[in-house]
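Participant: Per TrEMBL, the feature active site, nucleophile maps to THR177. The substrate binding site annotation in TrEMBL covers ARG205, VAL206, SER207, ASP208, THR226, GLY227, ILE228, GLY229.
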Amino acid sequence: MGVNVQPKLIIHGGAGSSLQGKGGVETVRKSLYQVITEVYGLLEKGTTAEDAVIRGCQLLEDDPLFNAGVGSVLQSDGQIRMSAALMNGSLQRFSGVINVSRLKNPIELAKFLQTSPDRILSDYGAAELLRELNIAPFDPLTDRRLYEWIEDRKQDFNRKMANVVAETSDHEAGRGTIGVVALDQNGRIAAGTSTGGKGFERIGRVSDSAMPAGNYATAQAGVSCTGIGEDIIDECLAAKIVIRVGDGLSLRSAFERSFVEANDRQRDLGAIGLDASGAIAWGKTSDVILAAFHNGQTMGDSLEMLPGTQVLVA
Ligand code: GLY
């Protein structure tokens, strides 16, 4: 493992249909850059990739613009159930929670579970762990999410899913799975992903976000996905990209090959990632992916990418 590696960071706030207007783009950019600024500053001070990812996920979960933690979308029965995962790449260790309720930061449970013999908990087990850890109950519901759910209920939930993209017009509230992937000064990689799910889903539906399909890291690379969970699971996208890098493909080639396949199968998804050499990549088949990064010199983002399938590297 190297020392004094230039840290790298990429985060996302969802993928989906187009952002509405320039005002929406600027609001999202401001939110993403605030997170990048704080978390990249931690990496420059020597914070581990795992701790940087946890902090980044907390900040994005706390922002009601995005569909994770505060501002999570409601399921078909009007309840919020959230999922989150953390993967330490150098230890190649995954932990996560599935359909947890009444909690501000699901990533904190994933953090605790990193060192637990049982590393992935679902609803009842996660609730029991919350009590054991004395984590104060918290209702992540926002007025906007409740309003959206009531409006969709009037139409019998005939939309495929809640729009996963943060939007800031009067009619559309912010939505979007969040994710963070970091490379630290010691060359360690970690990935974290957190979500309120698709919105309006059947009770018990399991998101990709707490599966290796949606969040995966090794010593060579880390990836966090966003979009329609079923599509991400069918592609096994995060694990596939990371394993391709481990097998010798460049990050760019691993992303490109995986997104050609996803596009051929008409998937609706996006992903962010980085590798141990410091390459950063993001890709999407959907209109937009809300990603931002710090490459050591400058911050950049994906907010004005053209609609359609694309992969970019930094
Ligand atoms: N990708 C988030 C979900 O489908 O639950």
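One is the number of the first residue shown, and numbering goes on along the chain from there.
Every residue gets a Cβ built from N, Cα and C, even glycine.
All annotation found in TrEMBL is predicted automatically rather than curated by experts.
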Participant: Measuring Cα to Cα, how far is SER207 (substrate binding site) from THR177 (active site, nucleophile) in Å?
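Facilitator: With distance taken Cα to Cα, THR177 (active site, nucleophile) is 10 Å from SER207 (substrate binding site).
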Participant: Roughly how many Å separate the Cα of ASP208 (substrate binding site) from that of THR177 (active site, nucleophile), to the nearest whole number?
Facilitator: 10
Participant: State the count of C-beta atoms found within 10 angstroms of the C-beta of ARG205 (substrate binding site), not counting that atom itself.
Facilitator: 17
Participant: Looking at the recorded positions THR177, ARG205, VAL206, SER207, ASP208, GLY229, which have a C-beta within less than 6 Å of some atom in ligand 1?
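Facilitator: Close enough to ligand 1 are THR177, SER207, ASP208, GLY229.
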Participant: Quick one: of VAL206, ILE228, which of the binding-site residues has the smallest count of other CB atoms within 10 A?
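Facilitator: Ranked by other Cβ atoms within 10 Å, the binding-site residues VAL206, ILE228 bottom out at VAL206.
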Participant: Quick check for the class: what is the C-alpha distance, in angstrom and rounded, between THR177 (active site, nucleophile) and GLY227 (substrate binding site)?
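Facilitator: Rounded to the nearest whole number, the Cα-Cα distance is 8 Å.
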Participant: Which residues in the same chain, at least 6 apart in sequence, have a Cβ under 8 Å from the Cβ of GLY229 (substrate binding site)?
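Facilitator: Listed in sequence order, they are THR195, GLY197, LYS198, VAL206, SER207, ASP208, SER209, GLY214.
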Participant: With every protein chain in view, what's the tally of Cβ atoms within 10 Å of the Cβ of the residue listed as 'active site, nucleophile', excluding that atom itself?
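Facilitator: Step by step: centre on the Cβ of the residue listed as 'active site, nucleophile', count other Cβ atoms within 10 Å, giving 35.
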